[in-house]
């Protein structure tokens, strides 16, 4: 039973590891396309010709999709400057598309409207944070142990500061992310964020703490995010104080539970189900 749990935790860790869900998902898609392109019957000239045509069609279709994705990313990036005025809406997307000369195509390209703009921004911020964490880890003196609490607090603060240009509109974004159709992607993005932070904070656990630390950090992040959008203090100092207190409390709780050997079955089942659900959702999207 312990060995099975270890293998399951290890497989999930590899699924959500260094670069989070994004890399594993992209690798799965690449492998799928490679298998699809190389599979097929061998033998007759007719079959070979059909296989060649099929491979050509697959490649053309793949290139078209990649081109569409590239254009979509350009439009999403160009739309962000219009968010403070127009919000996370199709209007902002249309204005961004017009600056690139793609007026009139946003309706079909972005059927979910502003939700797709919010998700683009969220993922972009996550990726920028990972680059920052990588650089900080590379510049850390060799042999110097990282301070997990400090890394977590700095990372959450840096990530929340990325919202500042859109702070007046961020409550709208949070509402969009909470819509039922948005929850799968929102959950995956949040779990990717906290997994990256935990990894660069030095967490290499392969037991129940792997789950609990990430769920705990996700809770701290969302609590601090809500505090952040309401904070009127200078440079949001009250938010960073609130964040530090929540992280300290989370660490103390983890320590108490670990020392006491307490792993409530209900809590454990809930944590496991959360991560398993996120993993299943991403597979179903495939």
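Backbone N, Cα and C define each Cβ position, glycine as well.
Since the structure is predicted, the reported quantities are computational estimates derived from the model, not experimental observations.
TrEMBL lists 35-53 with the feature compositional bias 'Polar residues'.
Per TrEMBL, domain 'Ubiquinone biosynthesis protein COQ9 HTH' is recorded for 74-98. Residues of the same chain lying 6 or more positions beyond the ends of the domain 'Ubiquinone biosynthesis protein COQ9 HTH' (74-98) and with a Cβ under 8 Å from any Cβ of it are 104-107, 109-110, 113-118, 120-121, 124, 165-166, 168-169, 172-173, 176.
Annotation source TrEMBL lists domain 'COQ9 C-terminal' at 183-253. Per DSSP, the secondary structure of the domain 'COQ9 C-terminal' (183-253) breaks down as 59 helix, 0 strand, 12 coil.
Feature annotation from TrEMBL assigns region 'Disordered' to 35-61.
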